[in-house]
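As written in TrEMBL, here are the features:
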type	residues	note
BINDING	TYR15, TYR20, GLY59, SER60, TYR65, ASP81, ASN86, ASP138, VAL139	S-adenosyl-L-methionine binding site
Amino acid sequence: AALREGYECFDPQAYLQNNYLPPRADFSSEEFVVPWKLRCLAETFASGEIHGRTLIDVGSGPTIYQLLSACDHFEEIVATDYLAVNREELGRWARGEPGTFDWSPFIRHVCKIEGRGEPWQEKQRRLRARLRQILPIDVHRPHPLGAPLCPPADALLSAFCLEAVSPDLDAFTRALAHVGSLLRPGGHVLLLGALGESFYLAGAARLPVVPLAEADVREAVAKVGFTLRRLCSYAMPPALRTGVDDVQGVFFAHAQK
């Protein structure tokens, strides 16, 4: 209940400014955090192993960068978020309305690291075309979308969601199990998340986060019955510790149901 109350003050524009403009969104070096996240996703999807009809993005927030490499491998992408303000922000971007956040530097960078020579506008067009649904979700319910998904998704992606909406590690693990129920057996789960973070700011909202270590991620993945395929982490350098949170690092995990 306290978490829900806090998120009522969530400001998507402030969140985007804090995390997806310089200094954090600096593409001049692969050593910065945003290029690191994009490369983790691009390399994983480049394997060709993760593909299918439907990918669900759990807790999309107001962001689309996490879907840029995924959109080449699925017929349909379903974005989800608990907050109507985030779903509205995503909808405006998907419809190409003026005044939405400029994701073109992210799209250009992904096209560059994927190395196919594709115009960034083409990737943007394809993601918009495949982003078919933007749905409400509550990861603390056994059926996060309100009912069992039929057919189940071929893959799940979740970036900076579960640890940011769970009051403790047990709740984080239960939330992972709940969203895992949306996935078919053999399906893939890709997680990006914060390490050692206890809070972040989004406008007037100061939101608590479960401070995770790599060992916590490993344990949660094992507890819900997934097989961990890859786990790597990024240490946040002092220059990117801007006071909008106390994040120590970022993890990327690839697991399979």
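Any Cβ shown, glycine's included, is placed from N, Cα and C.
Note: TrEMBL annotation is automatic and uncurated.
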Cβ-based isolation winner (fewest other Cβ atoms within 10 Å) among the binding-site residues TYR15, GLY59, TYR65, ASN86, VAL139: TYR65
Greatest inter-residue Cα distance in Å for the S-adenosyl-L-methionine-binding set TYR15, TYR20, GLY59, SER60, TYR65, ASP81, ASN86, ASP138, VAL139: 25
